[in-house]
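Undergrad: If you scroll down you'll find the structure; I have some questions about it.
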Ligand code: HDD
């Protein structure tokens with residue numbers, strides 16, 4: 001049967017069903033905005049998303065049934081195509097316009113739906129309706145992103161990650177547009193275009209993509225002492241997270257909570273993953289970028305599909321004006337944190353991501369966040385970075401989404417009534433009724449009116465002063481918190497920071513830029529500076545940089561270290577077991593159960609994807625072929641080939657690399673049966689992280705070791721001194 005006959009056949013068989021689809025279309029129309037997802041949100045909106053994607057007959061955008069979607073209209077079977085072919089022209093035109101401008105920053109992102117639920121009422125601090133009732137769930141849409149790379153770039157460059165949450169509250173949308181790092185590179189929004197131009201690919205040569213390891217970035221950063229604290233975070237493990245599910249999120253700026261009486265409290269927002277934070281190693285990140293550019297996107301999607309829902313605890317730090325005045329830094333300066341040891345975090349609720357986006361473009365790409373999307377009870381402060389952001393986001397969406405009606409796109413539309421007298425514009429999706437499109441009015445009743453009681457009221461902060469372009473002297477300390485961060489790290493984390501600076505500055509061609517950065521490192525901490533200059537082979541070459549304000553020594557904050565507060569768990573983690581023909585299937589089953597009991601998932605990796613014949617039990621169906629599943633994809637591995645299987649694998653560079661990488665990336669390695677031969681072939685040392693699974697306690701010992709994460713003691717042996 002050729003394609004056109006098949007299409008006709010399907011069309012005629014499904015004519016009847018098409019009638020039913022029309023029926024459901026009518027029902028959707030009746031349901032209005034609160035009804036089926038087929039309708040577009042919006043008061044009085046009569047338009048519906050076309051049913052064609054769910055109906056049975058293929059139609060044009062005008063609803064005309066297409067008779068042949070395989071052949072364009074032409075003169076005779078071999079003649080020229082006809083311009084009158086409206087089906088072809090419409091299809092190609094639409095295709096030609098499929099791409100919209102990608103975000104200038106955070107172009108690569110992955111999204112998911114979920115809900116937020118508070119633990120208790122926060123009425124003492126804020127009147128925000130979604131924070132009042134512990135029984136109420138508020139829908140959310142979250143988008144995680146990298147910053148510098150384009151939409152098609154890889155998931156694991158060294159970069160900040162965006163952590164943007166849209167709360168669809170009963171009082172309208174509240175967007176918390178944060179990052180996985182609690183500070184920022186710059187203090188004033190006017191420097192944002194410069195920062196981004198410096199980190200993006202260099203304009204003359206068009207590279208590097210998605211990476212900060214190049215001259216323009218370090219040139220700019222080294223001329224901006226205020227970026228030093230953020231640079232320490234960006235060079236730390238925070239910038240190479242293991243998963244979106246395993247990173248913290250921060251609102252960065254100081255915001256205000258406002259209660260029902262109008263009293264205000266300063267607030268900083270934090271997200272904490274319930275399964276703990278974890279990062280990959282830089283060598284792993286580079287390899288993952290090649291082996292699976294979608295590593296984080298896939299991980300998020302698959303975890304949600306598997307019902308292993310990412311969860312984040314929402315925490316706040318609150319303080320009043322008096323306390324703020326006592327800090328040795330300015331709470332309006334986005335390059336500073338308030339250590340948790342000084343103002344503890346209060347957990348106030350939990351966010352669960354339980355549904356993947358159904359359509360990447362419609363939802364993840366078109367979602368439009370804006371820090372100015374605020375609800376009554378939450379307000380901004382005068383942080384000059386935040387103030388500039390309040391302009392930028394709305395502005396960028398106008399060009400990115402093509403006009404002023406992007407709030408009507410389903411992913412952006414509030415889930416509460418939205419009605420006003422704004423009219424027309426590109427892509428108006430609603431059909432507003434009536435004669436009155438202005439306010440005040442008296443010609444119609446039942447039209448929307450303002451409400452001083454229910455409406456958003458800005459906190460009436462007192463402001464006065466001369467108009468000026470000055471940076472407050474209270475923003476002048478650029479090194480104390482960079483030092484605090486460095487001194488709060490564990491030994492492996494410090495080692496990674498040194499290695500990251502060495503890698504990044506090693507890519508910088510201009511010697512003066514490297515010297516300038518070494519000068520800043522000397523101001524941050526003498527040991528840090530010494531280690532980086534030695535690793536670069538640039539002893540004694542640091543430029544002398546005079547701090548605008550002498551740094552102070554702050555008490556180290558263990559909460560800043562991922563390693564120090566790591567959770568001993570396999571939850572959300574993946575363990576691989578390598579098997580071959582003749583492997584022990586019952587052992588694999590026992591390992592699977594033990595890993596699952598600890599909250600992890602076991603993936604079976606075999607030389608061939610088609611299946612293996614174990615020496616006992618039925619067949620074993622692999623999840624991955626070895627060639628497509630290097631050990632960088634997993635948190636711990638078990639080598640359980642048969643002895644004959646191991647002999648064959650020993651000659652396979654992929655299998656040997658699997659073991660070497662697992663070892664080099666400090667993973668716990670379980671060994672069973674022929675696994676011993678593989679270990680020998682890979683020539684890795686049998687240290688405390690290489691565990692034999694034979695014996696009554698073998699599997700339990702492996703799982704316990706894997707819960708602890710990486711074998712840090714091994715690192716100095718495989719990476720050498722730095
Ligand atoms: Fe921004 C996107 C986070 C400073 C201008 N930003 C964007 C996204 C995140 C952040 C997570 C992606 C949202 C999404 O997934 O669609 N940005 C931050 C944080 C900042 C910050 C935490 C500092 C604390 N941003 C910042 C400044 C400006 C911008 C100072 C401009 C003055 N940001 C934008 C933007 C983007 C954006 C150009 C690009 C796409 C978009 O807004 O929707 O307007």
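The backbone N, Cα and C atoms fix where each Cβ goes, and this holds for glycine too.
Just lifted these from TrEMBL, have a look:
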type	residues	note
REGION	13-48	region 'Disordered'
DOMAIN	59-447	domain 'Catalase core'
BINDING	103, 143, 192, 389, 393, 400	heme binding site
ACT_SITE	106	active site
ACT_SITE	179	active site
Undergrad: For the heme binding site, please report the maximum Cα-Cα distance among 103, 143, 192, 389, 393, 400 in Å.
TA: 21
Undergrad: Quick check on the recorded positions: of 103, 106, whose CB has the lowest count of neighbouring CB atoms inside 10 Å?
TA: 103
Undergrad: Which residues of the same chain, at least 6 positions away in sequence, have a Cβ lying under 8 Å from the Cβ of residue 393 (heme binding site)?
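TA: Residues satisfying the criterion: 177, 368, 369, 370, 371, 372.
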Undergrad: Could you tell me which of these binding-site residues, 143, 389, 400, has the fewest other Cβ atoms within 10 Å of its Cβ?
TA: 400
Undergrad: Measuring Cα to Cα, how far is residue 179 (active site) from residue 106 (active site) in Å?
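TA: One finds 10 Å between the Cα atoms of these residues.
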Undergrad: Quick one: average pLDDT across the domain 'Catalase core' (59-447), no decimals.
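TA: Within the domain 'Catalase core' (59-447), the model's average pLDDT equals 98.
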Undergrad: Sort out the sequence-distant neighbours of residue 192 (heme binding site) for me: same chain, 6+ apart, CB within less than 8 Å of its CB, listed by position.
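TA: Listed in sequence order: 186, 385, 388, 392.
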Undergrad: How many whole Å apart are the CA atoms of residue 143 (heme binding site) and residue 106 (active site)?
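TA: Pair distance, Cα basis, whole Å: 10 Å.
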Undergrad: Inside 10 Å of the Cβ of residue 179 (active site), count up the other Cβ atoms and send me the figure.
TA: 24
Undergrad: Let me know the DSSP-derived helix, strand or coil state of residue 143 (heme binding site), please.
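TA: The residue in question, residue 143 (heme binding site), is strand (DSSP, three-state).
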Undergrad: Distance between residue 400 (heme binding site) and residue 106 (active site) at the Cα atoms, whole Å?
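TA: Taking the Cα atoms only, residue 400 (heme binding site) lies 13 Å from residue 106 (active site).
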